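Pulled from TrEMBL:
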type	residues	note
BINDING	B:HIS83, B:ASP94, B:HIS194	Zn(2+) 1 binding site
BINDING	B:ASP94, B:GLU135, B:HIS387	Zn(2+) 2 binding site
There are 2 protein chains.
Amino acid sequence: MTTALPADATAFLTDFHAVAEIGATPNAGVDRQAATPEDRETREWFRTYAESRGWEVRVDGIGNQFALLNLTSNAPYVLLGSHLDSQPLGGRFDGAYGVIAGLHAADRIARRVSTGAAPHAPTYNLAVVNWFNEEGGRFAPSIMGSSVFAGIMDEAEMREVRDLRGISVREALESIGYLGTDERPDIASYAEIHIEQGRILEREGIPIGAVDASWHTQKLDIEVLGEQSHTGATLMSDRHDALLGAAKVIQRVHEVTDLFPPETLVSSVGQLTLEPNSPIVVARRVHLVADLRADDREVVRSARDKILSDIREIEAEHGLVINARDFDVRANQLYPEAGLQLTEQVADALGTGARRIRTMAGHDSVAMNRIAPTVMLFIPSVDGVSHCEREFSRDEDMVTGVEFLTEVAWRLVHGALQETK
Amino acid sequence: MTTALPADATAFLTDFHAVAEIGATPNAGVDRQAATPEDRETREWFRTYAESRGWEVRVDGIGNQFALLNLTSNAPYVLLGSHLDSQPLGGRFDGAYGVIAGLHAADRIARRVSTGAAPHAPTYNLAVVNWFNEEGGRFAPSIMGSSVFAGIMDEAEMREVRDLRGISVREALESIGYLGTDERPDIASYAEIHIEQGRILEREGIPIGAVDASWHTQKLDIEVLGEQSHTGATLMSDRHDALLGAAKVIQRVHEVTDLFPPETLVSSVGQLTLEPNSPIVVARRVHLVADLRADDREVVRSARDKILSDIREIEAEHGLVINARDFDVRANQLYPEAGLQLTEQVADALGTGARRIRTMAGHDSVAMNRIAPTVMLFIPSVDGVSHCEREFSRDEDMVTGVEFLTEVAWRLVHGALQETK
């Protein structure tokens with residue numbers, strides 16, 4: 001852009017691009033998995049931003065980090081936020097955009113309140129959150145910190161979840177100094193802004209999406225058990241090859257999508273480990289995770305049933321034992337109509353326009369929507385790519401989003417959505 | 001056995017079962033990968049065995065460990081041995097049997113020589129070797145130490161080979177104190193005894209196999225390159241899933257065996273790593289190793305060509321780049337006829353019987369056969385299973401094998417095989 005940006009926009013972009021340097025990868029991505037040194041560094045940045053403005057910072061028992069602004073006394077908080085952790089070699093926008101946008105929106109509101117710009121005092125206080133382990137790349141399941149906050153996952157159990165190296169969430173958080181004991185704030189409502197990770201807004205030229213529902217999702221935890229043997233000296237007819245069985249499972253997990261109309265179901269295996277993983281040994285055990293998602297719960301269920309019946313065939317054909325277990329099942333969530341209307345009112349007031357949109361990806365707001373009136377906003381993603389270094393959103397779209405979130409949050413702290421839930 | 005064993009047999013079995021305690025696993029196997037603390041422990045046992053008998057111990061620049069017996073002056077060595085490293089969760093017989101049998105054979109010969117039992121003095125000296133990294137489970141390629149000794153692999157290059165954690169052979173050997181600088185012994189001939197890892201001897205009730213040839217073997221190093229993306233938010237039609245491509249490659253590597261008569265070709269993938277290996281990320285890269293073996297070189301070549309042409313199809317179908325590279329190609333090796341005849345003469349003299357047999361598995365003797373007259377002996381494997389904890393050979397078969405090896409070695413140190421090469 002050649003025109004001079006407003007100071008607020010410049011301040012936001014400066015901070016956004018500075019945070020993108022933390023854990024930066026050669027191809028413009030970031031690698032900041034949960035509770036790693038890079039994750040700690042973003043947390044220190046968040047803390048400094050808040051403390052330098054006199055905001056109170058808290059860390060709870062699952063590593064969620066909060067910045068609290070006192071706008072009024074003895075009132076619950078409107079909470080804004082997302083997550084600063086990333087996938088391995090992930091993008092710099094996913095999650096980070098929402099946290100930094102939340103901090104800047106809070107800063108603008110604090111200044112507006114202090115200058116007496118509002119017709120009346122805020123009804124609620126305001127807080128910003130950096131949720132722990134939204135991505136789930138290191139510790140499964142994903143959306144961990146917000147789900148514990150929302151009471152959907154058990155805190156003690158989640159603290160004992162281990163990564164592939166055997167390190168627990170508790171140990172990892174302790175090692176970066178972020179296993180807290182602070183009280184969680186009471187909240188009145190929640191708002192999150194995120195990149196779309198799809199192509200709809202870009203294709204239609206609309207800067208804001210108002211998320212009206214999330215897809216039904218589930219994972220399958222699959223363990224293939226064969227028999228370890230010699231790749232050279234064992235007869236083919238004597239082999240019980242766990243990796244061959246796993247290869248067929250991976251293919252069936254993919255092909256099941258062909259049984260439904262195009263793009264109504266997405267289904268992939270992204271994680272796999274094998275034992276013993278030696279070039280001249282037939283594998284005895286493979287562990288893998290399949291991820292199934294559709295707007296329609298019945299589509300997911302029927303795909304899952306087909307995969308399980310395919311698995312029985314693969315077991316019989318190769319003399320394997322294959323254990324499959326449902327986990328991380330997340331039902332469709334409808335976001336409240338009042339929040340969608342609030343978004344549309346702000347779109348009218350700012351003249352940006354907005355459209356209703358579904359989310360195929362999971363978000364912290366999916367968990368928060370279970371316990372508080374929640375608004376979920378999207379900004380456009382170039383080419384719809386995500387969870388990779390090539391992920392991209394334009395500066396001007398990010399700036400519009402921060403302005404939009406600020407206005408939504410302004411109305412929330414003044415009592416919007418409080419009749420609805 | 002209820003009958004009392006000769007003292008020599010008891011001594012061998014005591015040592016064999018004591019070494020099997022080093023790196024022992026719950027199901028009667030061992031886990032002693034190359035240059036690990038468990039590998040160091042077996043090396044210390046080997047050193048103590050040799051030094052307590054006054055034998056010189058040497059370690060060369062690739063971690064091969066030698067015990068040298070002076071039976072005569074200024075003569076090269078007849079070398080006996082195998083390897084003490086194992087696969088992850090491997091069997092306790094593979095390799096270890098040959099080294100311990102070699103040490104006990106050497107001990108018996110030293111005693112026979114010192115008591116003047118022989119009609120004339122030995123022509124050659126005698127040595128026993130524990131080869132470095134025969135298994136290749138941690139550091140590829142396998143048969144590393146003996147191949148460096150035989151000049152087939154380059155020592156400097158092999159020292160820089162890294163395991164999956166990035167640790168080099170050099171670093172690993174240094175860390176266990178076994179990166180040596182000693183001179184390698186000059187050798188006159190080589191003999192190795194090993195478990196069959198197949199079912200032929202057991203089925204036919206013959207206690208000794210005389211290996212007449214090795215199979216033609218090769219590996220394919222395969223890298224599948226896709227694009228990292230979100231398992232939830234990416235359209236199926238936009239995915240370039242490296243793990244799905246790899247799953248299809250694994251199946252084609254298996255299915256190619258169906259194009260040939262049963263059991264003429266064995267072909268499997270045993271090693272695979274994927275990046276980033278996160279449950280909700282479509283993989284960007286998978287690395288895998290395929291292992292192809294047949295008696296007939298043309299069968300291996302034609303299977304390899306079919307796999308490469310299948311790979312081109314998989315590339316095109318899924319928009320992937322798949323790089324495949326031949327490595328570790330080992331041509332059929334014929335073991336010398338004079339060695340086979342020597343084995344048959346010993347079988348007649350001892351009254352055990354023996355049969356000629358092929359080896360599908362690789363052995364250190366395959367490398368040594370390139371540079372010295374070599375004898376390779378097998379003893380029976382129960383059910384033919386190998387490279388797993390269930391691997392088993394009976395005490396009586398092991399004892400017969402040690403007696404057999406002793407007699408072969410006795411004849412070798414007295415000049416047998418020296419006209420042949």
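Glycine residues also receive a Cβ, built from the backbone N, Cα and C atoms like all the rest.
Take the mean position of the Cβ atoms of B:HIS83, B:ASP94, B:HIS194, the recorded Zn(2+) 1 site; other residues of that chain with a Cβ within 8 Å of it are B:SER82, B:PHE93, B:GLY95, B:ALA96, B:TYR97, B:GLY98, B:GLU134, B:ILE195, B:HIS363, B:ASP364. Rounded to a whole number, the distance between the Cα atoms of B:HIS387 (Zn(2+) 2 binding site) and B:HIS194 (Zn(2+) 1 binding site) is 13 Å. Fewest other C-beta atoms within 10 Å: among the binding-site residues B:ASP94, B:GLU135, that description fits B:GLU135.
For B:HIS83 (Zn(2+) 1 binding site), the same-chain residues 6+ apart in sequence whose C-beta sits under 8 angstroms from its C-beta are B:GLY95, B:ALA96, B:GLY98, B:VAL99, B:ASN130, B:TRP131, B:PHE132, B:ASN133, B:GLU134, B:GLU135, B:GLY145, B:ASP364.
When Cβ neighbours within 10 Å are tallied across all protein chains shown, the highest count among the binding-site residues B:HIS194, B:HIS387 belongs to B:HIS387.
In this structure, the C-alpha atom of B:HIS387 (Zn(2+) 2 binding site) lies 8 angstrom from that of B:ASP94 (Zn(2+) 1 binding site).
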